[in-house]
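Structure record follows, encoded as structure tokens.
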Amino acid sequence: MSKISLTQVQKMKQSGEKIAMITAYDATFARLFDDEGVHSILVGDSLGMVVQGHNDTLPVTVNDMVYHTANVARGVQNALLIADLPFMSYSDVHSACINAGRLMAAGAKMVKIEGGDWLCDTVKQLNRNGIPVCAHLGLTPQSVHLFGGFRIQGRDAQRAEEIYHHALALQTAGVQMVVLECVPEQLAERITKALRIPVIGIGAGAQTDGQVLVMQDALGVTTGYIPKFSKNFLAETGDVRKAIQLYVEQVANGQFPAAEHTFN
């Protein structure tokens, strides 16, 4: 696989080619995922839960994200590397630019932020500083306490319209990609069709431009609560490399996510 740039990912949307994204937190897994054809690797603040053992992502710091982004970057040759800005690290435009700059210096090619149209000025300023932005809408884990837990978003008409509006506003502001988490498939399809930029789903059905999974979910090593939208690809293959190959293949041909991984 040749090097995947943001331009190439956007062309994949235009051509209908599905985008396979997965999280990674170290160089070894990043290299393996890169070798097996994953298009994009996300250094997620999910590391707070799956690496550090917290109950949510809120304790993750910018220093944590810089450390893991640098580790992952050393293992990536081709995939588009995206890194999360953690909780409260982009609460104002100045902080967002400083902290995003640190992630880019560590090797990220794009940063991801959680939230809606109130972030438009932040997105514009990040773009002015040469930093591409991915927006995260729907179930945004940094707002878990505001939502009253990890709950599906957009099932009622008002909330669905809000999410749709935020997606359009953020695209206008300059966002180059959107992650939609835990929203009904019908809403995800509507947003995907409305946007020019790639829409990556996690628990958002099969009509998005691509899928992302936490690596521990994809490899079946998550303990405790197992999200409905996850699938254990290792169980079908018995080999980590083959599991990732199967994930990329099933995203590409539309087999994943299936109906049992989808919310309506």
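Residue 1 is the first one shown; counting continues down the chain.
Just so you know, glycine gets a Cβ as well, placed from its N, Cα and C.
Keep in mind the model is a prediction, meaning the values are calculated, not measured.
According to Swiss-Prot, the feature Mg(2+) binding site maps to ASP45, ASP84, GLU114. Contacts of ASP84 (Mg(2+) binding site) defined by a Cβ separation under 8 A and a same-chain sequence distance of 6+ are given as LEU42, VAL43, GLY44, ASP45, SER46, VAL60, MET65, VAL111, LYS112, ILE113, in order along the sequence.
Marked as 3-methyl-2-oxobutanoate binding site by Swiss-Prot: ASP45, SER46, ASP84, LYS112. ASP84 (Mg(2+) binding site) falls within a strand when secondary structure is assigned with DSSP.
Annotation source Swiss-Prot lists active site, proton acceptor at GLU181, citing sequence analysis. Around GLU181 (active site, proton acceptor), the C-beta neighbours below 8 angstroms that are at least 6 residues distant in the chain are HIS136, LEU137, GLY138, LEU139, THR140, PRO141, GLN153, GLY201, ILE202, GLY203, ALA204.
The most densely surrounded of the binding-site residues ASP45, GLU114, judged by C-beta neighbours within 10 angstroms, is ASP45. According to DSSP, ASP45 (Mg(2+) binding site) is assigned to coil rather than to any helix or strand.
Every protein chain shown contributes to the tally, and the Cβ of LYS112 (3-methyl-2-oxobutanoate binding site) ends up with 25 other Cβ atoms within 10 Å.
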